[in-house]
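Quick look at what Swiss-Prot annotates:
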{"type": "REGION", "residues": "1-89", "note": "region 'Head'"}
{"type": "DOMAIN", "residues": "89-400", "note": "domain 'IF rod'"}
{"type": "REGION", "residues": "90-124", "note": "region 'Coil 1A'"}
{"type": "REGION", "residues": "125-135", "note": "region 'Linker 1'"}
{"type": "REGION", "residues": "136-236", "note": "region 'Coil 1B'"}
{"type": "REGION", "residues": "237-252", "note": "region 'Linker 12'"}
{"type": "REGION", "residues": "253-396", "note": "region 'Coil 2'"}
{"type": "SITE", "residues": "338", "note": "site 'Stutter'"}
{"type": "REGION", "residues": "397-439", "note": "region 'Tail'"}
């Protein structure tokens, strides 16, 4: 019996005397295939399978005991030696038992490996099994602390920038107030200069009026003198010739008339002066009102302009702060995305490696399952072979005569090898039976 090898037939002569043999095959005498070999160069002849002789007409087909299911013609087995079949029964059984024990040991080791691989697969497939990932928590804490410091520094910088801008706005306010006060001072000085010119004109007008009054006084004095001279001349001409009594009003006191005229002129002058002063006061008041309203409007416009400037600067500062905050948030988002993408890539690599290991384990498991099935088939064939050997031994023990060496050998008998080229390698020796031999 040979395992994992091709069936080998032994012959010392070609099968020339057997009818129906188309071809004759040869193999070395007294050879049988050793386990785990397929060449006939390492074959040995088991002594327990030898027959002294077989009938010449023994050409009935026999089958391989290892499940080869291919018939071979059995004549006189030239690979069977002279001797008794029962002489090597113990050695044969020992040999078969050793082979069976080795196969069982191999099956047991493969089952242990299979169980170990199943345990590993079960551990890998457990859903709640924690994935071993590197601990980056302290790095995350450091990064978060630095980010907080950066945000605090940015906020402090923004606050200082706001304070600087507020100081600039206050300086601009004071500068604008100084400019407005300077413009008001210049306007007041211009008004004072204009009023001084008006005062000079009024002084000149007053001088002219006083000179006119003096000239009128001189004219009045001249008129009085002329009237007195005329009166005296008329009196001298009339003399005492004419005495005229007129019932007329009493004579007018010239001093009184002059005083009245003086009072009248003084009243007119006072009225004119009062009117001029009122006109000047009204014009001055109107100019002051216009100046005040213009100053108020200018101050309101300047205040509104400063307020708008302040609002524009505040909005610009807020815009810069929001842009800085947006940039910092975008940087933070980019860093977070890069960090999570790195973690995702690491997890994906870990998943790929685990899947690769799982695929390798599955391949190993399938391969070991195939090997296990092959070993189970081999075990079944071995058990069948052992049972066959046991039955053959029992039959041969019952059929052999007391003197097993008395039989005469039959010449020109061979055992034909399996002619089916598609047959699988037999896992047992070729058994030559004599059940169908023609007597």
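Every residue, even glycine, has its Cβ placed from backbone N, Cα and C.
Residue 338 (site 'Stutter') carries a helical DSSP state (H, G or I). Across the residues of the region 'Linker 1' (125-135), the predicted structure has a mean pLDDT of 62. Helix, strand and coil residue tallies for the region 'Coil 1B' (136-236), in that order: 100 helix, 0 strand, 1 coil [DSSP].
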